[in-house]
Amino acid sequence: MKIEEANIEGFVAPQERGYFQFIAPSTLVGSPFSQEVWGKGKKKAPRILLVFFCVPVAPGRSRVIWAFPRNVGIWLHNITPRWLYHVGQNLILDSDIFLLHVEERKFAAVGLDNWQKACYVPTTSDNMVIAFRNWFRKFCKNQVGWATPQVDQLPPTPTKDQLMERYWSHVAQCTSCSAALKAMKALEVALQIASVAVVGFLAVAKGTLITSTVQRAVVVSTAVLCFAASRWLANFIQKNFYFQDYIHAYK
């Protein structure tokens with residue numbers, strides 16, 4: 001990776017395939033295709049972009065807004081539930097958020113002018129990080145221009161489950177995810193009720209409606225499957241809509 005056209009408006013980082021572009025002050029655009037392909041304007045040419053708006057809202061806290069515009073694979077987007085798509089993207093954010101949280105405090109400890117003392121950036125893949133830090137120092141004097149006065153101090157470090165909680169930071173504000181959560185909770189309760197009802201039916205019908213060993217085995221298996229499904233669903237809900245720890249060594 002290399003840096004081109006670095007100035008107050010941002011910079012471009014072309015790669016062997018595609019490019020990234022930082023558009024000051026808080027937008028990052030990436031594509032697996034070169035800018036020349038985009039410039040030719042061919043209607044049938046595949047076009048894919050990844051666009052991030054990373055907006056500082058308070059010391060130690062940012063809002064991420066992203067989009068994935070493209071003219072290929074649209075059918076897959078149309079048939080995939082939006083909440084399922086969000087679950088996958090939140091896992092990607094989980095892989096970064098804790099590291100960024102710790103890194104920001106290390107930068108603050110050594111001073112933003114000395115940020116390179118807090119991390120090791122020896123490869124060309126680190127060039128965009130270096131270019132952004134140089135831009136932030138040169139044109140912003142390592143300061144965010146807050147709309148209202150802010151105490152320029154990072155808040156205390158919360159517990160990991162608070163830092164990476166998902167419900168209030170996303171689910172409660174997302175109509176698709178909140179609707180999916182409500183439906184899954186209802187299904188979980190329904191599975192638990194079905195499990196109990198099947199066991200009750202077995203107790204009542206034993207010796208009358210259910211006379212063979214095979215019939216009893218089918219009813220018991222149904223109850224067990226309903227209960228197991230409710231437990232699996234409860235675990236899925238907890239991990240994807242509330243909190244799931246991310247341990248890089250296991251990924």
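A Cβ is built for glycine as well, from the same backbone N, Cα and C atoms used for every other residue.
What TrEMBL records for 22-111 is domain 'Pheophorbide a oxygenase'.
Sequence-distant contacts of the transmembrane segment (186-205) (same chain, six or more residues past either end, CB-CB distance under 8 Å): 216, 219-220, 222-224, 226-227, 229-230, 233-234, 237. Feature annotation from TrEMBL assigns transmembrane segment to 186-205 (among others).
Sequence annotations record features per position, and here TrEMBL assigns transmembrane segment to 217-234 (among others). Non-local neighbours of the transmembrane segment (217-234) in the same chain are 184, 187-188, 191-192, 194-195, 198-199, 201-202, 210; each lies 6+ residues outside the stretch with a CB under 8 Å from one of its CB atoms.
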